[in-house]
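> According to TrEMBL, the feature active site, proton donor/acceptor maps to B:Tyr140. According to TrEMBL, the feature active site, schiff-base intermediate with substrate maps to B:Lys168. The pyruvate binding site feature in TrEMBL is assigned to B:Thr53.
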Protein chains: 2
Amino acid sequence: MNAPTYDPSLFTGLSAFPLTPLKDEAIDEDAFIGLIERLVLAGVDSITALGSTGSYAYLNLDERARVSEVAVESALDIPVFIGVGALRTRDVLDNVASAESAGAQGLLLAPVSYQPLTEDEVFALFRTVAESTDLPVVVYDNPGTTHFTFTTELYSRLAGLDGVASIKIPGAPASPAGWDERIGEIRAAIGSEVTIGISGDAHGAEGLIAGCDAWYTAVGGTIPEPMLEITRAAELGNAQLARELSAELQPLWDLFTEFGGSLRVTAAIAEHLGLVGADTLPLPVRDLDAAAKRKVAEVADNLDLG
Amino acid sequence: MNAPTYDPSLFTGLSAFPLTPLKDEAIDEDAFIGLIERLVLAGVDSITALGSTGSYAYLNLDERARVSEVAVESALDIPVFIGVGALRTRDVLDNVASAESAGAQGLLLAPVSYQPLTEDEVFALFRTVAESTDLPVVVYDNPGTTHFTFTTELYSRLAGLDGVASIKIPGAPASPAGWDERIGEIRAAIGSEVTIGISGDAHGAEGLIAGCDAWYTAVGGTIPEPMLEITRAAELGNAQLARELSAELQPLWDLFTEFGGSLRVTAAIAEHLGLVGADTLPLPVRDLDAAAKRKVAEVADNLDLG
């Protein structure tokens, strides 16, 4: 199979990760379409549906096919990437097929694990997928959920696969010099053709300033504007402004720390903004409790989010 | 709903966890039946199908229903427990229903997680399941695969649920005194009606000697006899013999350490014994490589396993 051809700029800028809202355990399509339309109006660079924030791991193959279709239909001319990860390679390949059918322009693939996976197993998974599709693949490194830890050496091997287009790296607390060093190390390992995207929203600004090409943002799938302002400031080389804008959002980043990550907080923000209903997450994952939701709403109001 | 009624001795002794062998990505039913029949002939106290060793997390709902049926049919009068864990509560409940239909006598439930779960979410999951079925439930604490860490306090809350019958605790390196202390602490927390089962096969003997009621054994699903000897020695109060028998198997325990756990080693032993074919595990999980398989075969032959 020939190397996939795609515009490398596809995997730059802000990629927004919408929730996949549920209602009575089924996909709330109206709410999902509303979220996608917000992202289109805000002018995000791309939309990644069925990321971690989109609860991909909890949905069955039919639900994932349907979400892919709705995302692509609703996104108009904004490129849509689809998360295809699953515990079993067989299911990953089914998700790849449904994403292709839906008209996705890229795939996001995480090495979801139950049995801890070896580096060779993860490499073989990505090779299998890359060989099965013409769509470019984003390597999704999210150890907090997949429980697989990538090495820089594995990034390098994966970047050598035809079709691997971008690597989504986890955020981490680091100094600006620490970020420069880390991004430089990854860049040296993967070359110049594969983009690097930062995740971990509190670290988006520092990642972009240090040279990441993209911000794969979870909360930006629900409140895109503030994340777009940070992204554009960084893209224009205005590191000071990007840092200031991110610092203004510190109360939001603090909520993520306080409430165990961005998912439940993002769902609470979306509910507060009237974009989704209560109990929008897949059980056993539950909404924040009432007191926490009030705190989230207060922060959202104070920061004028939404 | 009334409290489930069951014979508390159900969850004592040796519960053997067979592989669910695959062949070209489908369930190899003949091989699976062969494994179950070995366990019946060996006289295990119970069989837990679709545990971690049975690759439950990788199989779809239909496959799991079928494996449950085949396990119960093949086990004759040996009680069969079925692993019902899944990332989503909806799927767990479907698995509970199929295990009931198959005639299982108990359920094994692990809090499989992608998004890290809170204690309250895990408690609610177990309550939901316990309220949905009359079958007794084994709490499956396996942080290496589920990435959820139970506290002793949570054990205590769960033991208070009608229907929770046993807690399967992970093995860990500890001195005999350390084991005594740990089991005493758990026993004090959960009371006398819920049994404690040890997993982590290298620690089976110490766990039983320290007062665990059951050994939930992964490798014992493929080679039951040596694990039964250890179990019976411990049950007869002969700690010295149980320790000696376990110490004789040290080369086997060392393989688990060397090759990242028991699953791939157990599959290699089963292949060496002609019980399953090659590539019996669900991709992306792969067989050990040829050199490792030779090493496993050598240990199996030296220890006269099988």
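Glycine is treated like the rest: Cβ placed from N, Cα and C.
As the structure is a computational prediction, the values presented were derived from the model and not from experiment.
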> Do any residues at least six apart in sequence from the residue listed as 'active site, proton donor/acceptor', in the same chain, have a Cβ closer than 8 Å to its Cβ, and if so which, in order?
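Sequence-distant Cβ neighbours: B:Gly51, B:Gly83, B:Gly85, B:Leu108, B:Leu109, B:Ala110, B:Pro111, B:Thr146, B:Lys168.
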> Using Cβ-Cβ distances, find the residues under 8 Å from the residue listed as 'pyruvate binding site' that belong to the same chain and are at least 6 apart in sequence, listing them in sequence order.
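Listed in sequence order, they are B:Phe17, B:Pro18, B:Leu19, B:Ala218, B:Gly221, B:Ser262, B:Leu263, B:Thr266.
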> At a 10 Å cut-off from the C-beta of B:Lys168 (active site, schiff-base intermediate with substrate), count the other C-beta atoms across all protein chains.
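I count 26 other Cβ atoms within 10 Å of it.
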> Helix, strand or coil for the residue listed as 'pyruvate binding site'? Use DSSP.
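In the DSSP reduction, the residue listed as 'pyruvate binding site' maps to coil.
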